[in-house]
Amino acid sequence: MCAGKRILHNLAKGGNLAPMERCVRGEGGGRVSGTDTIQASGLVCFSSCSPPGDRLKAIQLALIGGLETFTAWCNSHLRKAGTAIENIDEDFRNGLKLMLLLEVISGETLPKPDRGKMRFHKIANVNKALDFIERKGVKLVSIGAEEIVDGNLKMTLGMIWTIILRFAIQDISVEEMTAKEGLLLWCQRKTAPYKNVNVQNFHLSFKDGLAFCALIHRHRPDLIDYHKLSKDNPLENLNTAFDVAEKYLDIPRMLDPDDLINTPKPDERAIMTYVSCYYHAFQGAQQVTCAGRLTHVVMSYPSLILNLYNLTNTAMPDERAVMTYVSSYYHCFSGAQKVRVTTAMVANLYLNMSLAETAANRICKVLKVNQENERLMEEYERLASDLLEWIRRTMPWLNSRQTDNSLAGVQKKLEEYRTYRRKHKPPRVEQKAKLETNFNTLQTKLRLSNRPAYMPTEGKMVSDIANAWKGLEGSEKSFEEWLLSEMMRLERLEHLAQKFKHKADIHEDWTRGKEEMLQSQDFRQCKLNELKALKKKHEAFESDLAAHQDRVEQIAAIAQELNTLEYHDSVSVNARCQRICDQWDRLGGLTQRRRAALDEAERILEKIDILHLEFAKRAAPFNNWLDGTREDLVDMFIVHTMEEIQGLIDAHNQFKATLGEADKEYNSIVSLVREVESTVQKYQVPGGLENPYTTLTANDLTKKWTDVRQLVPQRDQTLQNELRKQQNNEMVRRQFAEKANQVGPWIERQMDAVTAIGMGIQGSLEDQLHRLKEYEQAVYAYKPHIEELEKIHQAVQEGMIFENRYTQYTMETLRVGWEQLLTSINRNINEVENQILTRDSKGITQEQLNEFRSSFNHFDKNRTGRLAPDEFKSCLVSLGYSIGKDRQGEIDFQRILAIVDPNSTGYVHFDAFLDFMTRETTDTDTAEQVIDSFRILAADKPYILPDELRRELPPDQAEYCIQRMPPFKGLNAVPGALDYMSFSTALYGESDL
């Protein structure tokens, strides 16, 4: 059945067109074998002939691609089988959905899958899918069933991208371009009339969404109102395009609008996959539309179908029949029904053909066949000659092995070879295939038409062409192998050259400034610590220099290898290597000389440093000794005794005995400074005179030593003056002691006598008073002795005499004793007089008074004339006064204590004690007695009137009471009534009034 019959047959059955043979094309548009690397616009799939770097790059590109895009693409096909996937790395692990995906997109049936759940079942299913992919001409390298079963995302994405390339993108062909270029050209043509759309690539050109909307509007203007779209609203444009494509074109969402907008450069592979769905959707719709129209025409005239089949067997088909048939196309497509053609009219016209015309047609058919055979023979000769001539011209180029020995030259040759394989050879391949096809067609036609077989001219047989082609391919193979080997050799050379350059650059960067550093005299200006740091730095540099020895040797070895391999630029390599070696030798010599100079400078500075350190060690204590000595020699000493001044004189004499040794130490220390000065002057050491260990100088020591020697005689004179002064003080001290030893005991004897009288132990009060007055007269008569002692004390004070070992008395103690004696006499006289007054007014007998004194003295252990509260309490108890030990007793005692010690001094004196005991033992007025007396005057009223007071009391006392009595505030009070109860209580201290 011919091609036309197959098409009509399929259309009549309502089926799809039979799948055409898919052709894998390279960049030049030529056919390549199924085992070659698939290249679609530079997108490299996995192939056994791809370099490892390209395969790794392809895997990385697949991983970077949109995972969501791949998942959506798979689901767009799997949903035709009523299923879908969620995780692309998990749902393909058992191989079932992977096999189902391949069946849907290929239209073929794969082997029956294993339904087990074991790992080997899954591996078997995935292997079946991978075998199917390889049978389609794609060899998967580094992708095994185990990786897919294990859920390796990298391998799974690489496999899906390979499937997309093979079954979705590779079939796209526009004007013999590659798949990527063809798809891009298709987009450019479809979107050319649209404003703000300029498709130049598959990433930035689709970011604003207008390109997607333009593609949809070009084929389905009813779905999108393109003129309402704005370039400034990319998110709305993208969502509009994706929603319409998903709803009306059955193209699922494979891209995320937010990702497209926010990504500086969207993923090219994801956009290509999505755009390819547009291509297949719209191109398939156009083919179905055209096929539908043709089917409508043909099915409208079924009686013409068989006649149309006969058209192919007629040399010159009947013009009228064809015109009649074509008119039906006109009416079908234009919609005009002005001329109605019926099957009967066509059949009638066809049957009225004349027999003459049939005979003529048969002759024309035979001649036409003969003419066609001759045309095929001439075309074969022409094609064979042209092909053989092209092979002859190409062979010398392929057999040439001459290069400029540079990687660029070989790369240029390799690029020329690739251009030859991509542009020049593919047309020749087609030419050879066409030549063979024409030859086979010609031989078949000759055999069917009973003609003799065609015999090409000598050297143009099919076998000759095959041999020449085989030789061409052999030369190509050897040429390619030579190019690759030469490339590898030159790449190694270039790698070595780059390695040489890299190491040389690093070495030169490291050596930059090193010669200037080694020639520098910077250490001449350094101190010892800085020089040691420089020396350490130099030692580190020497270690670094030794470590770089290997690098220099490596550089030399690489240069030697480049010379051995005949590197094209070996002259410059050798020159640079020689410069590096010469510089290395100079660095070694400079390093040794700088090391020697540093050692010499260190030796000199260490000598100076030792002298400075020795000076500092010895100068510091000597300077301290000088400072202490100067302070001692000028110290304003204070002495009070002969022994102290004599001790100072003895110490000073001992000090003068050490001045000889001090002078030797001084000269020794100064000699260190002189040696430093000579060394610094000899070797011109800058800053060598500065001592880092001390701020002292020889001049400082000299000045202080001179001061000490001048202060020694001055100190001698000062000590002698002080000695004479202390001798005079000793005489004054003896005079004071002699007089004080007389006055002090006399005062003590008089004090004891007065105290004995004050105790009231002997005699009556009148006798005690008489004796006290006699002692008072005697004390006043002794006052001239005190005045004489004051004069001597004045001399003591003028002589700054603070201690007197000849007496225990001081003038202060004698003054206090004298004053205490006078005070004691006066106090005792007053106490005796008060006691006499109390005795006479209260009627106390001498025996009672003696008892009170005896009890008081008994508890006054220290003879201080006063009792503490506890002693006072014990004294009351001894006199028969009842004080309870309970809380009430304590309250009573505190009331008594408030009476005898109203000022809360914490002590009870004998006068207060005597007054209290007198009141307790004699009949005295009380507040109750006074209240009773006022009550009598007031006629038993609780208040008293002023007139009653004036009538009963003397005027002055009446006015005294009226002024001090508070107003009465009780019941039945009358105007002017006074409260005599509160007034009486206040008189005895029992009220707050």
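Every residue, even glycine, has its Cβ placed from backbone N, Cα and C.
Model confidence over the domain 'Calponin-homology (CH)' (64-168) is summarised by a mean pLDDT of 84. Residues or ranges marked as domain 'Calponin-homology (CH)' by TrEMBL: 64-168 (among others).
What TrEMBL records for 177-283 (among others) is domain 'Calponin-homology (CH)'.
If you look at the coiled coil (366-393), the same-chain residues 6 or more away from its ends with a CB under 8 A from one of its CBs are 315, 428, 431-432, 434-435, 438-439, 441-442, 445-446, 449, 451, 454, 456-457, 459-460, 464-465, 468-469, 471-472. Per TrEMBL, the feature coiled coil maps to 366-393 (among others).
For the coiled coil (524-551), same-chain residues at least 6 beyond its ends with a Cβ under 8 Å from one of its own Cβ atoms are 503, 506-507, 510, 514, 587-588, 591, 594-595, 598-599, 601-602, 605-606, 608-609, 686-687, 692. The coiled coil annotation in TrEMBL covers 524-551 (among others).
Among the features that TrEMBL reports, domain 'EF-hand' is placed at 847-882 (among others).
Positions annotated as domain 'EF-hand' by TrEMBL: 888-923 (among others).
The DSSP breakdown of the domain 'Calponin-homology (CH)' (177-283), given as helix, strand and coil counts, is 66 helix, 0 strand, 41 coil.
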